[in-house]
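Notes follow once the structure below has been shown.
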């Protein structure tokens, strides 16, 4: 039995979906433990593309059990739409292969409205750059103990009471502070009770279910969303998401004890990208950045927004390794850098004339850091589909070796293309 956690080490979009899909071959179960439908995982299997937002990537493989943990915030309408889309392409979903934690907090229509109204009021200069899908306001309600959970839909009187109390506050804010329309209780109540009936067969007390699976010796893969620099505590606050994106979130977001985790794999893009607002020390606003964006198809799977691109930042990935306790890293999208005459990696920062190897908590400081770069020769040869280390161009090998040196965590997996077959496995996390 092994419990493996997969986390992003940058600002999300590192390519976690493909690696989860790859490792699901050895897993019996895949558990999504945080985030919502603001995150998107893109998989390419046998030339067919799948984009998932809530359902764990393991759902594509027959015979695997998947679960949405209590750390996720769930929009029932978005989940049902995703299930329907998967059914259209032949992926059958049933209570046999998908469970949803009964403690999962629900995103309601007013969460979306609050999210969008807040961004609008902040304006272009100060907005966070959220997806506007209600993630932050839902987590806010959860922390304030006014959240509505999946289990509440099966007690209609309690659900209506909670909804009424919340709407008293929400409608006051929307109408009087944001000058937006409010909501009618009956409309939300009826829609959510109907969707609750549809999801009832999937509802599960997840912690005992996972405990039983561990007792039976099953391999469990825990799938994170976003990345460590979007973590609500250790990210570039306030330009972050509202959940725990590091490895500790796998425990609080599923009910599995910390001592049960065996291996933490960090997914690392060979360069760096970010969607939305916030500091980005190695951002490239030049031809190299445009090259990476175009060749890497750097557009968000959820929003379609173009991603900001930059050189690899070892300070950021070391920070991620520290807070998640990484055992190994998986490098993705190395092939995107094929054809560049030279490549650079950031090994440290200079702030107000002083060098540091750490990500400062002060966002204003991070905004003005000067990256300390090492420049290395690029490679003209293609790395696409390389499955042996010796097949990689010498310059690509040198780049990866230096990357490992400055990060301090060994490479477990190297991805050289979008398909699951385009992968070089150095150490399988389930066999570590």
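Just so it is clear, glycine is given a Cβ too, placed from its N, Cα and C backbone atoms.
Small disclaimer: the values here were computed from a predicted structure and weren't measured.
Swiss-Prot annotations:
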BINDING   12-18, 40-42, 307, 333-335, 415-417  GTP binding site
ACT_SITE  13  active site, proton acceptor
BINDING   13, 40  Mg(2+) binding site
BINDING   13, 14, 15, 16, 38, 39, 40, 41, 131, 145, 226, 241, 305  IMP binding site
ACT_SITE  41  active site, proton donor
BINDING   301, 302, 303, 304, 305, 306, 307  substrate binding site
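Locations of recorded Swiss-Prot features on the structure.
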residue : record                       : Cβ neighbours (10 Å)
13      : active site, proton acceptor : 29
15      : GTP binding site             : 20
18      : GTP binding site             : 27
38      : IMP binding site             : 28
41      : active site, proton donor    : 25
131     : IMP binding site             : 23
304     : substrate binding site       : 8
305     : IMP binding site             : 13
306     : substrate binding site       : 13
416     : GTP binding site             : 24
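Residue environment of residue 334 (GTP binding site) contains 24 other Cβ atoms, counted within 10 Å of its Cβ in all protein chains.
Around residue 40 (Mg(2+) binding site), taking its Cβ as the centre, 19 other Cβ atoms fall within 10 Å, counting all chains. Neighbour density at the Cβ, taken as the number of other Cβ atoms within 10 Å, is lowest among the binding-site residues 42, 226 for 42. As a whole number, the greatest separation of Cα atoms within the IMP-binding residue list 13, 14, 15, 16, 38, 39, 40, 41, 131, 145, 226, 241, 305 is 34 Å.
Every protein chain shown contributes to the tally, and the Cβ of residue 307 (substrate binding site) ends up with 20 other Cβ atoms within 10 Å. Residue 41 (active site, proton donor) sits 15 Å from residue 305 (IMP binding site), taking the Cα positions as reference.
Take the CB of residue 12 (GTP binding site) and look out to 10 A: across all protein chains shown you find 30 other CB atoms. Listed binding-site residues near residue 13 (active site, proton acceptor): 40, 226, 307 (candidates 40, 131, 226, 307; Cα-Cα distance within 10 Å). Comparing Cα positions, residue 15 (GTP binding site) lies closest to 40 out of the binding-site residues 40, 131, 306. In this structure the C-alpha atoms belonging to residue 38 (IMP binding site) and residue 307 (substrate binding site) are separated by 15 Å.
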